[in-house]
Amino acid sequence: MRLPLPLVLLLLLPPCVLTSRPAKRSYSTHDYYVLEHLPSGAASLDECVNNLGLEVVEQVGELRDHWLVRRRKQDWYVRTEGDPVELLRRMRERAGTGSVHARSEPVHVEGDGDGEVKSTAREVASRLGIRDPTFTKQWHLVNDEFPEHMMNVSGLWEEGITGAGVISALVDDGLDYNSDDLAANFFAEGSYDFNDHEDLPTPKLFDDHHGTRCAGQIGAVKNDVCGVGIAYDSKVAGIRILSGPISDVDEAASLNYGYHNTSIYSCSWGPSDDGRSMEAPGYLIEKAVVNGIQNGRGGKGSIFVFASGNGAVHDDQCNFDGYTNSIYSITVAAVDYKGLHPYYSEACAANMVVAYSSGSGNSIVTTDVGKNKCATTHGGTSAAAPNAVGVFALALSVRPDLSWRDMQHLCVRTAEMINPEDPDWEITAAGRPFSYKYGFGRLDGYKYVKAAQDWEPVKPQAWLDVQPIQIANGTMDILGTMSGGAPITTEGVRSTFTITQEMLAENNFEGLEHITVKVWISHTRRGDVEVELVSPNGVKSVLAAKRRYDNAITGFPGWRFMTVKHWDEKPVGEWTIRVNDQGSEGESGNFLGWSMTLWGSTIDASKAKQYEVPFLASLLPAPHEDVVTTTTILPLTTATKSYPKPTSHLPTDHGSVEGEATKAAFSNKPIATTPTVQDSITPTADEGWFPDMENLVSNQKWFFGAVGAVVVFGLSAGIFFWRRAVNRRRRAQYSTLARDDDVPMSSIGAGGGRATGQGTKELYDAFGEVSDDEDDVDEHTGLTAGRPEDRSPGGLGFHSGFLDDDDPESARATHTSYRDEPEDPDHLRSGSSQPSRTGSPGSSGTGSWEHASQLR
Ligand SMILES: *[C@@H]1O[C@H](CO)[C@@H](O)[C@H](O)[C@H]1NC(C)=O
Ligand SMILES: *[C@@H]1O[C@H](CO)[C@@H](O)[C@H](O)[C@H]1NC(C)=O
Ligand SMILES: *[C@@H]1O[C@H](CO)[C@@H](O)[C@H](O)[C@H]1NC(C)=O
């Protein structure tokens, strides 16, 4: 029986699905999944969902071919008869040929007046007719005492550049659109509340004031309330995600929300800044970000601005945060009133610029929640980011045609060095000063916008992948199980790779911009590990420096670091990565492998390719490119989290403590001068996923599970489609996997690092029920109604992840400083209406980020 069905895509869906605002969720009655349906498959979306008894809720934000689907809870029970590999074989026979692959997958308040010294602020106010009462206290706009330290935008205002026509969205905890200081600039169409699924981002919790304050910095109206925003004629939208748990689906949608109209997404949040967390956006969120880059703003790319983080006091570094170390983010750290480095502001090689925020006696003065209320204690890096956003809004108002990379180039080129005596500065190969604390320097609004006016747009993006290099047979499977690798001795371990001119030409690669480096390192104490990348020209990027409080035993399972320090450097020659630890008694680890991607501009723009987010990106060795699939179900089970409030790790004295400019961010102790060079093995191009899998004993169980899951899905849908023929070698591989099938699936999900292979684990968990159960199964559909006691919400239930977190008792106990008590008891009710959790241990420890890190 062949099942080639013509495409009837989307036609049966009500058109409003594509345009309407996200639907309310009903977690108590339904399980939600994401279905990635590639139109190139043989079956229509409709056929897929109908056969599975699913219901399409809506497209996942702006992600094409990704559908949020749901299914009533009591129906959801998937079983398979006997051996999934056998089923796979039968499926293949029926269809004749084909292969199946799994693919699864975010004040200085000196009184004004008193006839005192000359005030530039007052002169500016009078020239521009600014009557806002706190304007003269907004030192970040005009700094009377330290005039070299301010965003320096008043000269632009005088030229009439005030941000008109540009929309920035505050992805935050709410936005007081009723404030007299914001109402006139509020962009309702681009606003949404993803926590409560309402149209407007109303601040509701007692501490929902952060988004409003940040919005004021960008778009506070020039009127008689508080102060003004940097782009006071621009519009601001509010996207509320920080006031409660948020699923990956909603986070993905939030980062693309209104992205045709909204230009800039101001994001002052991320994984906990506790110096112990290391978390990156999940597959779906990464896809949304790339979607924003490729399709947002009419294809010029959404501008994502991320605050570098407030955890420097805990040795936290922005390279341990997958949002701030993304090449798609402009990462902004803070400097204070005197231009000094505030002790909270995180350093790392991914920092691009600094903008002004709290410290050395002054904080940011801006709008607050409430009628005519002004904030005077706003600060942290999360107040630096919106200051940069304001400048970018001014630039886009005069140059709306600039791409996301143009905006980054302008940062690199126009940022100004401050505190030149600071030992953290180094000169890059391109001759620019760079510092882990300040990035390329302070963002000067005037300089930036003037440069933007004359900027020649860069050519499209190109990249050059250095495939994973295995060290001493190091491997990591999909569960995050690492084996092999070279022991990290006191001298450290070094590995090299040479980039040639031919490689650049082959990859249509011209000018270097970002570099991402992925490492596989096992270690008994992650905080001890130091990682450095040294360029052919001897420029060193510290990617990881030691972290006092990071006791994690999970190492770096394919963790991606990023550096902007090699921007415009000529990349030809030998690149060296060095891994070292503190040599602490009783702590040790292995360096298993690394890979590197150079990002830059094309030689020939007409040959530019479009980047696709790789699936299974963290395996060592790399999975073969042919691992492609057609249909996937991703449960949201493990993907719901609560972000800490941006201020949760901001020290309370952030505004008063004097900053510094005398300390290097990371100790400059050179790593051993005679490092051990290990055997490096670079897999050949045609060595793929399946041959590699053969070496990974523990992997087989997982893979078995995944194949089984996909098979069951295919069977039950009554449809299956193939993209590619499979070769005999791989077919044989399937059979070898069949021998090893006695591991209860539910026990597998518990292991591994959340940072890697995450999406895949989720796919796996979704079918955690696909175990060796013997009840009879519907021959045709592969589905059967489960006995209630068999239903394992741990494996399937949407809420199990954040149920733990939402427990008000534990919330109070563990997150006192930032947890919001849900005002709306619905949060709790929908969670606890789950049946008792008898299910898989796979769900434990998969709750919110800070939850996971607190447990550590
Ligand atoms: C600030 O802007 C002015 C023009 O308004 C410009 O002359 C100056 O160089 C800029 N930078 C500083 C640090 O003042
Ligand atoms: C948003 O952009 C779309 C497409 O460019 C346009 O049709 C629409 O009018 C815009 N909406 C608003 C409110 O500006
Ligand atoms: C890696 O594996 C190969 C083949 O199995 C073996 O010959 C070699 O000795 C191994 N290398 C190390 C460093 O373990």
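For all residues, glycine too, the Cβ spot is worked out from N, Cα and C.
TrEMBL lists 1-19 with the feature signal peptide.
Per TrEMBL, active site, charge relay system is recorded for D172 (among others). Neighbour list (D172 (active site, charge relay system), Cβ cut-off 8 Å, at least 6 residues apart, same chain): H210, G211, C214, A215, G238, I239, R240, I241, L242, S266, C267, S268, W269, P646.
In the structure as shown, the Cβ atom of H210 (active site, charge relay system) sits within 10 Å of 27 other Cβ atoms. Marked as active site, charge relay system by TrEMBL: H210 (among others).
TrEMBL lists S382 (among others) with the feature active site, charge relay system. Remark: S382 (active site, charge relay system) has H210, C214, S268, W269, A307, N310, P646, T647, L650 as non-local neighbours, by Cβ distance under 8 Å and separation of at least 6 in sequence. In this structure, S382 (active site, charge relay system) is part of a helix by DSSP.
Residues annotated as transmembrane segment in TrEMBL: 702-722.
Feature annotation from TrEMBL assigns compositional bias 'Basic and acidic residues' to 809-829.
Look at TrEMBL and you will find 830-848 tagged as compositional bias 'Low complexity'.
Reduced to three states, the DSSP call for D172 (active site, charge relay system) is strand.
The secondary structure of H210 (active site, charge relay system), as reduced to three states from DSSP, is helical.
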